[in-house]
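Here is the structure we will look at.
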Amino acid sequence: MTTLHFSGFPRVGAFRELKFAQEKYWRKEISEQELLAVAKDLREKNWKHQAAANADFVAVGDFTFYDHILDLQVATGAIPARFGFDSQNLSLEQFFQLARGNKDQFAIEMTKWFDTNYHYLVPEFHADTEFKANAKHYVQQLQEAQALGLKAKPTVVGPLTFLWVGKEKGTVEFNRLSLLQKLLPVYVEILNALVEAGAEWIQIDEPALTVDLPKEWVEAYKDVYATLSKVSAKILLSTYFGSVAEHAALLKSLPVDGLHIDLVRAPEQLDAFADYDKVLSAGIIDGRNIWRANLNKVLETVEPLQAKLGDRLWISSSCSLLHTPFDLSVEEKLKANKPDLYSWLAFTLQKTQELRVLKAALNEGRDSVAEELAASQAAADSRANSSEIHRADVAKRLADLPANADQRKSPFADRIKAQQAWLNLPLLPTTNIGSFPQTTEIRQARAAFKKGELSAADYEAAMKKEIALVVEEQEKLDLDVLVHGEAERNDMVEYFGELLSGFAFTQYGWVQSYGSRCVKPPIIFGDVSRPEAMTVAWSTYAQSLTKRPMKGMLTGPVTILQWSFVRNDIPRSTVCKQIALALNDEVLDLEKAGIKVIQIDEPAIREGLPLKRADWDAYLNWAGESFRLSSAGCEDSTQIHTHMCYSEFNDILPAIAAMDADVITIETSRSDMELLTAFGEFKYPNDIGPGVYDIHSPRVPTEAEVEHLLRKAIEVVPVERLWVNPDCGLKTRGWKETLEQLQVMMNVTHKLRAELAK
């Protein structure tokens, strides 16, 4: 019989119950016991949903109050020593301080989990890091599930992935792989504690196998699993997010009891494991997207596998369901307004039922679930033929693009002369990245307008009042290129998604980004186009209030793609180019309306990089082409800006230069301008604006600090190509500190301009 198991479930609840309880606890509105009770209830509900899908094993150990990698840092005693906490007796309060910081220590750094939009807390390893086992987190959840009469499989991230996703810290140079011999016995202790608590199978996740691991890391798998296999539970080694076919010989030789492979992201890898002689777990339902599967098609893959493997075939989702929203059935508005689209979707609970149907079809024959299979086929057929998805005009526009459609009319050297002729900017021109503080009044007006409690005219008046204030304050500060402040925008992707065709939105489609922060990504379900102008009215109103140049503000095609649930029936590159052409319509309309400085934000270009470097060039080529398409056809005198914020540029600088924006602004203040050195060494050809202060903190920098950063920038970038700006948008800041911070920036700029003029 085929076995059905789960690897992980969303933690936050169907209606973000965990988020609201956490935040109440942080505000001291509920007790620790009340928070623990909410969490216990959510875990129980999750397990019951898995059991209702006829699962042979429910997942335990996947639930966390913040992040599963933070749980592992606690379980292995690897929490940062700088906090002075005892990992053996860590309170919940201290656990949250590790994640959020306290008055003495900054929070543990966060970064994206592989190529997902989930953030984990990065382990800090020192040459002298000592490990100590504390299996309480995993054992407690196992015992809770057992008390409900459920068969449970604990899930733990493996030792090599744990070390891989960490960072080396401290003054002594070392390779974190050298900590493995100290870490392994601690893992053995944790696994033994689970065996004692009654675990029959333990899942050990090693997604690091899907990236370009150095040879010595790959070699280490032999010793690690030779050691872990001595534990008297069966081990399922789980891989996901990509192919591990290149490691097939190694994986087949490891003394584990089973292997999980992701057949959604990498269906082609099945051939490499067809002769595997132990349990093979097939990840056949997408754990990262929201589309209903065509179950007949899935069965075409797994039925031959079952014939070959018999009882050794297990089935599951491709990875943990953490990355999908909880329950489609609560989306009543979507069901009423877009019934077809509703029928094409599957959230976590629907995916559990898809797996139930597949298990039944494999074990009892397709006839036992004929009705469910017919419904799945009908949804797939309707989606394949829908005129709402497939639009001839969009397809024709893409197909008819001439060669070099993504190129500006002239090279940068000519464009910058045409731009400076009318802009007439001083040395070290100043600007803002885009947004200004989103006050309570702005949020209330937007919410009231959405609920129908505020008329369109009153809403527009409220937004115009905010725009006028933003323009006035920038003029008082003597900024050179102004922004309108984006008061009308709730979110930089959602705002555009609501105005483009081919997008849809949910009410409760939340997924965890980190800790208590959840995001509700738009759904790109069909061909994308722009029915009418999206930003022109706001930007032209702002421009009417000032003689200084006003910057139009758009979110770039790659970022819109990366931060959405994307259709899976055509290549992502095609979707991205469709978005680019829709944005290009907006760019040309802004230009026509007299807005001749236009920013196209691309904070997510780096996030889209594939896990394997061999695939980078193809991605960077279409991502760069999409950006250029969005600004193509502009006059030379129109200045295109872009903004990016991340900590690593060196390896993709040629691709960033190839985007050919006239001005790029980047986040650099927290790295003391280190990032800029890469641009200098690369001889980045166009204008550049390194952030001179950190907007993520309410702290007002001193003039000396800003001057230090600006002088460092002048050493690296020719001063005639240097802009001055904050690190990022000011949406999350208060007005008081915003004005004080900008005043410091302007004072330093005026001082250095005077000095350079001598």
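Just so you know, glycine gets a Cβ as well, placed from its N, Cα and C.
According to Swiss-Prot, the residue from C634, C728 that belongs to the Zn(2+) site alongside H643, C645, E667 is C728. Here Swiss-Prot has I433, G434, S435, D601 binding L-homocysteine, and the candidate from E388, E475, E486, E648 in that same listed site is E486. Cross-referencing W47, W164, W563 with the 5-methyltetrahydropteroyltri-L-glutamate binding residues that Swiss-Prot gives (R16, E17, L18, K19, K112, R517, C518, E607) picks out W563. In the three-state DSSP assignment, the secondary structure recorded for K112 (5-methyltetrahydropteroyltri-L-glutamate binding site) is strand. All protein chains considered, the CB of E667 (Zn(2+) binding site) has 22 other CB atoms within 10 Å.
The least crowded of the binding-site residues D601, E607, judged by other CB atoms within 10 A of its own CB, is E607.
Note on proximity: among R16, L18, K112, I433, G434, the binding-site residues of the record, the Cα nearest H643 (Zn(2+) binding site) is that of I433.
A gap of 14 Å separates the Cα atoms of K112 (5-methyltetrahydropteroyltri-L-glutamate binding site) and C645 (Zn(2+) binding site). Within the set of binding-site residues G434, E486, D601, C645, the entry lying nearest in space to E607 (5-methyltetrahydropteroyltri-L-glutamate binding site) is C645 (CA atoms).
For D601 (L-homocysteine binding site), the nearest neighbour among the listed recorded positions (C518, E667, H696), judged by C-alpha distance, is E667. Across I433, G434, S435, E486, D601, which the record gives as binding L-methionine, the greatest C-alpha separation is 13 Å. Cβ neighbour density within 10 Å is lowest for C518 among the binding-site residues L18, I433, C518, C645, C728.
Counted over all residue pairs in R16, E17, L18, K19, K112, R517, C518, W563, E607, the record's binders of 5-methyltetrahydropteroyltri-L-glutamate, the longest Cα to Cα distance measures 29 angstrom.
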